[in-house]
Amino acid sequence: MATGQIFSKTTQALFYNYKQLPIQRMLDFDFLCGRETPSVAGIINPGSDGFQKLFFGQEEIAIPVHPTIEAACNAHPTADVFINFASFRSAAASSMSALKQPTIRVVAIIAEGVPESDTKQLISYARANNKVIIGPATVGGIQAGAFKIGDTAGTIDNIIQCKLYRPGSVGFVSKSGGMSNEMYNTIARVTDGIYEGIAIGGDVFPGSTLSDHILRFNNIPQVKMMVVLGELGGKDEYSLVEALKQGKVQKPVVAWVSGTCARLFKSEVQFGHAGAKSGGELESAQAKNQALKDAGAVVPTSYEALETAIKETFEKLVEDGKISPVTEITPPPIPEDLKTAIKSGKVRAPTHIISTISDDRGEEPCYAGVPMSTIIEQGYGVGDVISLLWFKRSLPRYCTQFIEMCIMLCADHGPCVSGAHNSIVTARAGKDLVSSLVSGLLTIGPRFGGAIDDAARYFKDAYDRNLTPYEFVEGMKKKGIRVPGIGHRIKSRDNRDKRVQLLQKYAHTHFPSVKYMEYAVQVETYTLSKANNLVLNVDGAIGSLFLDLLSGSGMFSKQEIDEIVEIGYLNGLFVLARSIGLIGHTFDQKRLKQPLYRHPWEDVLYTK
């Protein structure tokens, strides 16, 4: 491995398995460091493509999303770092795929628990092809003022406190990602800060070792001293001991191996990492610390003394003129996210949508304040749900049963009506369910199913103004307006619409008042004197009876009733009901595998 610097201020990465927060932290670090280009060139989300919006300072940017590693590498040939946030189950396969890409030079594997046999294969391939693996089980790494991997160094506040927005003179490597954050802070307190920091990961077989990075730091001119934080278990530290003995490291090394307390336990102890377990004497923290000290590293007597050892080593280098003071800079402030600012009470922002009928912010959705569990446990019906979501109140059971009756009676009226016909033709053209449904719904209007609202409006206006049926009908005639809710293509005086009869019978039995329906029947009596088919149709029946429901229930003010009729609630009832039938016709045609519909010539009048 050896060589030298693996990151720079122009390094770009590909991020595998989209995670919003780690990517945003990388971009915030970029802005803090004054980078001109974002460090994340592209995102790989298997099976997906498009863009993800994130912030680069104050500016919102779109980062490309690619479905495969190969596609991402081809699209971003200058991105040579692969940050793998895959789970331990797929981390090995995706990492190997990345290593095989000619443009990828460094692979960071975040997942913990990658099978050791898979890790060995990755290590073997990387070494044979002169590539670098950081991890598995790592938080990543950072080059101060230039580039960082994922969540390395934590929050922006911590990064600023540790002075990671500009380079220092210390190269740092550890096994533990959590302890690396602590050490960045320690090093910043007693030196001019780190130049580069790496957490190799706590698994038994790390992709790169402590000595790999120390030897690399030794070749970086800007790194004047190194700090190593090892841990008990394994023999990784001994490769560093050999490098020190052989004179391969010419810069001061301050080292400490944690886990000296393991001797206090009578049996083998497993600490946080897979590789951090007490084994034989050679793997103990005491033995490693002694070996490092004998090889020439500066090893304190305890972890508490590590900070002093780092400080003294750094100050000696300054005295010897090997380190020049770093020019301190003031990093730019990172704009605070709106959500964070609102949560902390720093700003207030207007909302863009008002919703009064449902709320999904709690443990369960609520319809007009009624929890979903209550709706199910108390046996609410579809009519009850409509009363909550449409009328924002729980209507009496006779009202909700009437609503359900309207839905059942209007669900379908055969394949010959315009709505069903359109859905059938569309379905037979091979279109999808939604297209077929909408095709039928778009025929609903003044001539088909959409007269309920108008019937209610005109009947209400006439009744409230005390117009006689004669005055009402003749007045409409003078205006050139057909009376909505009156007339049928098939039904007549002698062939009444059964649906109308059922609705009227229910209302007479359950409604406290049917004044609007009785008025509509009086109008029907007058219109039947003119023509045999001018009967009260289902639109007129529902329209007039809904007026009786609203006024008779005592739960709506006059203003609310006028608003409900004006908005179009009653046509909404027909739209909801007829959707059931239109969906049924669509499924029926598809189930029967009916061919494309073509209207027969003999049913067309061709004329000039």
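Backbone N, Cα and C define each Cβ position, glycine as well.
Taken straight from Swiss-Prot:
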- His273: active site, tele-phosphohistidine intermediate (ACT_SITE)
- 214-234, 265-291: ATP binding site (BINDING)
- Glu231: Mg(2+) binding site (BINDING)
- Leu292, Lys293, Asp294, Ala295, Gly296, Ala297, Val298, Val299, Pro300, Thr301, Ser302: CoA binding site (BINDING)
Listed binding-site residues (Gln286, Ser302), ranked by Cβ neighbours within 10 Å, top entry: Gln286
Residue pair Ile214 (ATP binding site), Leu292 (CoA binding site) - Cα distance, angstrom, rounded: 13
Top Cα neighbour of Gln286 (ATP binding site) in the set of binding-site residues Gly296, Val298, Ser302: Ser302
Cα-to-Cα gap, Ile220 (ATP binding site) vs the residue listed as 'Mg(2+) binding site', nearest whole Å: 25
Which of Gly296, Pro300, all binding-site residues, has a Cβ with the fewest other Cβ atoms inside 10 Å: Gly296
Rounded to the nearest Å - Cα separation of Met226 (ATP binding site) and Asp294 (CoA binding site): 17
Cβ packing number for Ile214 (ATP binding site), 10 Å threshold: 28
Conformational class of Ile220 (ATP binding site) under the three-state DSSP mapping: coil
Cα distance (Å, whole number) from Pro300 (CoA binding site) to the residue listed as 'Mg(2+) binding site': 15
Cβ packing number for Ile220 (ATP binding site), 10 Å threshold: 17
Inter-residue C-alpha distance, Asp294 (CoA binding site) and Leu232 (ATP binding site) (nearest angstrom): 18
Most Cβ neighbours inside 10 Å, all chains, among the binding-site residues Glu231, Asp294: Glu231
Leu292 (CoA binding site) CB neighbourhood, other CB atoms within 10 A: 24
Cα-to-Cα gap, Val298 (CoA binding site) vs Leu232 (ATP binding site), nearest whole Å: 18
